[in-house]
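Below: one structure, written as structure tokens.
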Amino acid sequence: MAPPAATLPNVVDDAPIYLAKKNGAALDKTSYDVCEDYEGNYRFAPIEEAQVSRAMIKRYFNMMYERAVSDVVIVGAGSAGLSCAYHLATTRPDLKVTILEANVAPGGGAWLGGQLMTPMVVRKPADRFLREIGVPYEDEGPFVVVKHAALFTSTVLSRVLALPNVVMMNATAVEDLIIRTDFQGNQRVSGVVTNWTLVSLNHDTQSCMDPNTITAPVVISATGHDGPMGAFSAKRLVSAGLLKELGNMRGLDMNRAEPAIVNGTREVTPGLVMTGMELSEHDGSNRMGPTFGAMMASGIKAAKEAIRVLDSAQIIDGKIVG
């Protein structure tokens, strides 16, 4: 990295040192006695522990404050959720896109292929998305193979997080949905109820630990098939009386499963768009197993659905009013 413009470059033992002034004078905020020397003389800029705490706290809680009202909340940062976030945020850079992920590590089940093997299979035409984000692959005719699933996941994750209109809060669970009566008298999903995941996992071991909320005119649920926190929104719609019963995911059939997921991606109840494998639990469609094209394409379609909802509504302070 080039030195800041205000510094004076010097060379000691072939390694650069950046000094604000000579003769031991005090250093200014942009220049420090640092040295990138891997022969035993590596020196960091000085720091105080409180500076680290304040740097994190200020940025994180400013982000929480600013995103208390978001344009779109995406629940789940797996392959569908991240594909959705990328398409949504690049297509509409004016939107505040907030991603919530219950795990510490985003990525869902897309770090590996099937049975803990590393290659990722993507059926055409979803390979177009791989080219868009710059993931190389081997072409096998009707499908392509990425040499390691983590190459896709780390790439799309880095692309998403680099976008200025996207924030992600991982280790953050959605405990409930905000459901209000809208201007037409219908029940509408109007945001999410959040808590630290470790708090959510310990409600039975501690006294009451109340949550927080994020208001949004559109929530996109990408929490995956049933599991510890999977299919969360689908199950909550049932318990909230907005869905009679779960369809329950059917057995594996790749040829039926992938088009069913992509073509079925939609606003399943006012304010809630559902994408990815969570739809298999909601609709009762087949699972596809270790082929990932539907997750990418379903995420893209979910983004298009969210834009359609936003463009057709009058929104004030994160609420649809007309």
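Any Cβ shown, glycine's included, is placed from N, Cα and C.
Quick look at what TrEMBL annotates:
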- A80, E101, A102, G109, V174, D210, H225, M277, R287, M288, G289: substrate binding site (BINDING)
- C208: 2,3-didehydroalanine (Cys) (MOD_RES)
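Sorted by the number of other CB atoms within 10 A, the recorded positions A80, A102, V174, C208 start with C208, the lowest. The substrate site in the record is lined by A80, E101, A102, G109, V174, D210, H225, M277, R287, M288, G289, and its two most distant CA atoms lie 38 Å apart.
A straight line from the CA of A102 (substrate binding site) to the CA of the residue listed as '2,3-didehydroalanine (Cys)' spans 20 Å. Recorded residues the residue listed as '2,3-didehydroalanine (Cys)' and A80 (substrate binding site) have their alpha carbons 33 Å apart, per Cα-Cα distance.
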